[in-house]
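Taking it in order: structure first as structure tokens, then the write-up.
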Amino acid sequence: MTSNLVISSRCSLFLTLFYLLVSASLTATSAQWVWPKPRTLSWPIPLATILSPNFTISSPYHQHLSPAVNRYRLQILTEHHLPLVPPPFNLSNSSPPLQALTITVKDLAAPLQHSVDESYALAIPTASSTANLTAETVWGAMRGLETFSQLVWGLKPLLVPVGLDVWDSPLFEHRGIILDTSRNYYPVDDILRTIKAMSANKLNVFHWHITDSHSFPLVLPSEPALADKGSYGNDMLYSPADVATIVRFGLEHGVRVLPEIDSPAHTGSWAEAYPDIVTCANMFWWPAESKWADRLASEPGTGQLNPLNPNTYQVLKNVIGDAVALFPEPFFHAGGDEIIPGCWKADPAIQSFLSKNGTLSQLLEKFVNSTFPYIVSLNRTVVYWEDILLDANVKVDPSFLPPEHTILQTWNNGPNNTKLIVSSGYRAIVSSSEFYYLDCGHGGFLGNDSQYDPPPTSGGSGNGGSWCAPFKTWQTIYNYDIAYGLTPEETKLVLGGEVALWSEQADPTVLDVRIWPRASAMAETLWSGNRDESGKKRYAEAMDRLNEWRHRMVNKGIRAEPLQPLWCIKNPGMCNTVHPSD
């Protein structure tokens, strides 16, 4: 019995050695498959050693880091990842099996918030049985754990590179995903899976667009009627316990949960509980024969909070107070986008206000002046969509939005609006629909839409009802420079970016496919950039690495969409064009 085990073990080791030697003809750089690519990775001689089956990770105790350590140790020992293209390692004759990873954290008290230090250094020596991970904070340690986990591969034995040193830190501190859970509902497990995938991609902000005109799924202790009457049903709610679970899960994965309660527009669902504070609720969004400028909403689902009704602010302050209590995140997203003049003009009190030389912008200023100071008083920085300052028809004077308490998120007009925001002294989060909207290009959801039937002689099929078509490919996302055209000082005001999945045509059945691996493309560009050391765009070499990363994500249970036929991956370079990258 014992001799059979020895023979089996030796055969396994021989096959591994053969596998490694055959692959040694590949270049060393092709083995740097960590995604997102580290800022610096030194590995002069491609050698590997065996990872001990008794491998351990030691770290200081921390309520969020310690669960992460346990999770990563289990993942490392059980994942058994086999790369699509074998990495070019040779097994080191002089390296002992790697027995342990030791984590050192300088500041255990730093909270997970914007600007927290996520840097780390990882060293896997050639002649030691212990690797070392050092980080300023526990959040940097989590990033380093992810990198280490991606370096381990194989069946029996597991292998890990040696003689490798990494120093890593993100270029942009805000790297996120927006998920809209109002238009369609996502169970808690789907949100947790998304946060887990975000952590694996070193994304750190889950921007939760919780409510909209379509449904109000968030149960709030002070305003239970909003969810009771405004949700899609009792099985499509997020209770305070659900929120606590999501927030805790985010902390254990180094992901902040940033809530958005959009207002004063996008609030039609509030009218189910409080019809008196919502204008144009439950009306047809684009009245027949009317011009687009006279619409009541930009898509089906009407309703905007009434700035002239005092009850509006009592309800809203309860909502904000409860949301702040549920979410420890220092940023609070208050919406402020797409205020449609026709909706406010449908209300008699507002009609009277306008007839006395009042303006729609004055209405918005009244709304902001009644809510913004309250949010700030709760020790929150307020995030608004860019419309609140840049909309052509309804916007506030900048004096209502002091830059020290305000961040603007841009979604229109690409780098031009980013420039407008930062040149005005505001911090910016970039979510340009031309590059970062993941729902684009899937047609539209409107019925009776003539855009689906262009004349056969038109020379094209139009956008198929998708206002932001075409589909945003991973290359489109990867090549976008969110600080394009900015001065160095203006670039400092760009906090980072977020890709967005709006849910008119998305629900749990397509969640993973819509997001991954396209969000991975943004993750790398915001972490280490999209250019190589010479300044050349690196999307050409990124394809092979992203294919490999997508393969690994699928094995983790993330149903990321394919980028190429498997044949392309098995035949490196054969699916490229003759055109050099820029």
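Placed from the backbone N, Cα and C atoms, the Cβ positions cover glycine too.
Over in TrEMBL, the protein carries these features:
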SIGNAL    1-31  signal peptide
DOMAIN    34-151  domain 'Beta-hexosaminidase eukaryotic type N-terminal'
DOMAIN    172-529  domain 'Glycoside hydrolase family 20 catalytic'
ACT_SITE  Glu338  active site, proton donor
A correct count of other C-beta atoms within 10 Å of the C-beta of Glu338 (active site, proton donor) gives 18
Per DSSP, the domain 'Beta-hexosaminidase eukaryotic type N-terminal' (34-151) contains 28 helix, 40 strand, 50 coil
The average per-residue pLDDT within the domain 'Glycoside hydrolase family 20 catalytic' (172-529) comes out at 96
